[in-house]
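Accompanying notes for the structure given below.
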Amino acid sequence: MTSIDLDNVSKVYDPNGEAIEAVSDLDISIQDGEFLVFVGPSGCGKTTTLRAIAGLESITDGSIVFGGEDVTDARPRERGVAMVFQDYALYPHMTVRENIGFGLRLSSGLSEQEIERRVEETTEMLGIEDLLDDQPGELSGGQQQRVALGRAIVRDPSVFLLDEPLSNLDAKLRTDMRKEILRLQQELEVTAIYVTHDQTEAMAMGDRVAIMNHGRLQQIGPPEAVYLDPANKFVAGFLGSPSMNFLEASVESTDGTTTLEADGEFRHELPAGSVASSATEYDRVVVGIRPEDLEIVETGGVPVEVTVVEAMGDENVVYVDLGSTELTARIDSTVRLSRGDRIRIDFDSDDLYLFDPDTEAALETKTAQLTAYREPRQADATNP
Amino acid sequence: MATASDSKSLPVRFALYITLLVIIAITFIPLYWMVVAATLPQEEFFTLPPRLLPGTHFLENLQALEARFPYLRSVWNSVFVATVYTVISLFLCALAGFAFAKYEFKYREPLFYFILATLVLPVQIMIIPMYLLMAQFGLLDTHIALILPFLANPVGIFLMRQSMLSIPDSLLDAARIDGASEFQIFYRIALPAMKPMLAALAVILFISQWNAFLYPLVILESEELFTIPLAIERLTGHQRIYFDQIMVAATIAIIPMIVLFLWLQEHFVRGFTNSM
Amino acid sequence: MSLRDNRNVKSVKTSIRTTRNTVRDALPTVPGVPYLYILPFYVLFGLFLAFPVVYTLYLSFFEYQGPGSGTLLEIDLVVFEAGVPRISSLEFVGLHNYRRLFGDALFLQSVENTIIITLIQMPLMVIVSLAVALMLHAKFVRYSGYFRTAIALPVTANYVAYSAIFLVMFAENFGFINYMLASAGLPTIPWRTDGFWAKVSLALALDWRWMGYNMLILFAGLQGIDRRLYEAAEIDGASRWEKFRYVTLPQLRPILLFVIILSTIGALQLFAEPMIITDGGPANQTITVVMYMYEEAFSRFNLGYASAITYALVVFVTILAYVQLKLGGE
């Protein structure tokens, strides 16, 4: 069990004389026994960060500290980390038994019987004791995944690193393995760092979620905090499915009332209060509204035209045109809609998110609703 | 497989099989005749019409051959030189190929393309300087001189790099996490994962050394160091040519390789089709 | 966070977006290790391949006088003294060796011999190996694998050893081939005493040795052709011949070219076969370029001139090989 501190970690690649910053100035403290998820689009630096923590990648600047001990220049085997890879990375020429025992044989100095005992204990824990003498090529994806987990936990690591471990599994198996990984992490009381591009997975698994983009940490916090109180437009758009709707609006302030006007016939009067106060300083803002916060109304609201309806069962994802902007709404499936329907949609002022159009930093979020959820482990929300 | 071509008419099929059998006969006749000639007593060899069935005089003919020339010694030399060469070259090519495929380092591309450029050079270009160099090193008329210059084999490094590219990086990372040293990663992970390609390359390397003729001809002088090609050349170069003994020598050179080919066929074929 | 910093982020954004693949493909850098791995290879490579390439060229501008004495290069560092010995003593003759090539009847003869042998050997081999590959590839041929193995057997034959078999088979008086011709009522052929037939005997031996090899390569090429192309052609109503003409041949073209170029390169380097089967005779009618180089170098010790011959060969082979690499690159 170990806490991990990343202090101003930067990684610059310099393949052909042109420097590329893959990770810049990353500053994160991961607590002992925490399950932290790095999430972001591909190329955002999350995997590089994980590999740097593993010791597979040197860092250009900053330091990495494990439980008070600086391991910046230590090799992977000196860090006591275990890692699960996206493609499982099982040694193809070894049996399951040899795969799991390989690390212990190389560096633990344990007796052969002790290694055997641990390997068997681990496979029993994962329910793969019948596969001990099979080769990886003979196993299904889910079984390979379990062997990969076994290889990681058999060494009793202090830090458990997982690089998109579920992305090669089908949807059903993925949900099962999610639970399995969480169960193992809690049983072993190990610090876990998990990388994924899938925001649903990130929200479902992490004690905290760190959202990265273009090599920079955008925000870190508990799932509900980053969802309800995104630090910027990127985080707001990345989390949630379907993504948040954005439209650029001009701000009109007259006689204490503040009105947002945008494309099509969008007009929304902000009630007096926090929302208004933050918007009045701007001429233009980016308005964000989540698909689930849109509703169909008889009167009022904004007139729109339905373009596509995707049935999801309990609800429909409805795409509508508001002028030249496309909006997405999640509407109860009892409301039957089809292409070309003209409807009116509306939303609550409390559900609005506002962003600075230049810096994209959040001006207004659902912070108010969040206070009720917040745990003592306060998210150190970072604005880029 | 029920396609139009299945309904080929019987005469066409028949003609086709006959053609194939004729080709196979042409392939086999020289080999068969070699065995016949090697097993007949010398005096029966020149009878007309020639004998068409193998005799029983193989060992006698071999003894006669050995009395004139230490041929079995040459066979051993060939096996020894080709084996030592194959093992060392395989290791060097795999090691360097692994570095090129799986590490990032400065000048990686230019260094590799430098080797690739020499792929097109004919082996004859080495003969004269190598003769002078070996003379300088005092290595003329030694087996080391046969092995040393060809260890750095451009085809070998090329094939090894190409196939090692297919090893996932994560496999090597997993081994690093498991605590393997860089050399253990090469030796215990990369090499075993490359077994089929190693076997194919081994076949290429072994055969190239096994067939080498011009260069050993330049380097070797002592009969007791001769490899098979030099020995047979010596046998055919005499004033009086003993056909039966030459055929004994050829049989001993060719039949074991045929057996090896039948045994390791897939590696041979992969070697041939990959070295193209 | 100020606006300026944000712009900074954006510039990083774009640079990352355009080069992201490079980042993801980047491999671990372990200082020293890769150099250590390629070092033994490069030492041997430099000494035994790179050096000879340069030194043969160098030699071709000289007349060889005998083994070297003295040193070529001396390093004297007071405590450390080393000398690179001169490996031969030479007299500079400029381009003389190359000029000599063009007036050397025997060299020109060797080039001509090589070309004629190739012209006899190549068409037969390509046609037969392609035909056999096609036959074995036909779906209705059973035991294709066994046929393939049987026909490929000669690839295992040691050059000198198989040449020795053909030496005996082509013997004029007691040879197996002339005997078969005679018993079929045909005239016997002067394999050893007629220049043309001597070349034919070499070509036939080469065909025997290499037909199976080329068949294997062409067969692999045929297997590589996408089945769907044939199905599409069948749907278009193509006949058997049309399928061969418009699907098989164009798809196989690079491999056919490869076979032809590789065989040409091999023919340019002919040595063991003419050495054993015909010994260059009769009257130098089957002497090849490499044989001539060997004799100049090691019988007459004209190492400078022999180097020029080698470079003439290198130029031809390199051109052909580059053509092949270019075609293979497609």
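Cβ atoms here come from the backbone N, Cα and C positions, even for glycine.
Here TrEMBL flags C:35-58 (among others) as transmembrane segment.
If you look up TrEMBL, you'll see C:111-324 marked as domain 'ABC transmembrane type-1'.
Sequence-distant contacts of the transmembrane segment (C:115-138) (same chain, at least 6 residues past either end, Cβ-Cβ under 8 Å): 144, 147-148, 151, 199-200, 202-204, 206-207, 210-212, 214-215, 218-219, 221-223, 244, 248, 252, 256, 259-260, 263-264, 267-268, 270, 286, 288. The transmembrane segment feature in TrEMBL is assigned to C:115-138 (among others).
According to TrEMBL, the transmembrane segment annotation covers C:159-182 (among others).
Summarising the annotation, TrEMBL assigns transmembrane segment to C:202-222 (among others).
Residues annotated as transmembrane segment in TrEMBL: C:255-272 (among others).
Residues or ranges marked as transmembrane segment by TrEMBL: C:303-323 (among others).
Recorded stretches compared: C:202-222, C:255-272, C:303-323; the one with the most Cβ pairs under 8 Å to the transmembrane segment (C:35-58) is C:303-323. If one looks beyond the transmembrane segment (C:303-323) by at least 6 residues along the same chain, the residues whose Cβ comes under 8 Å of a Cβ in the stretch are 56-57, 59-64, 88, 90, 93, 97-98, 100-101, 107, 261, 264-265, 268-269, 289-290, 292-294, 296-297. Sequence-distant contacts of the transmembrane segment (C:202-222) (same chain, six or more residues past either end, CB-CB distance under 8 Å): 117, 120-121, 124-126, 128-130, 132-134, 136-137, 148, 151-155, 157, 159, 162-163, 166, 170, 248, 251-252, 255-256, 258-259, 263, 266-267, 270, 273-274, 277-278, 286. Here the transmembrane segment (C:159-182) has long-range neighbours at 188-193, 201, 204-205, 208-209, 272-273, 275-277, meaning same-chain residues at least 6 beyond its ends whose C-beta is under 8 angstroms from one of its own.
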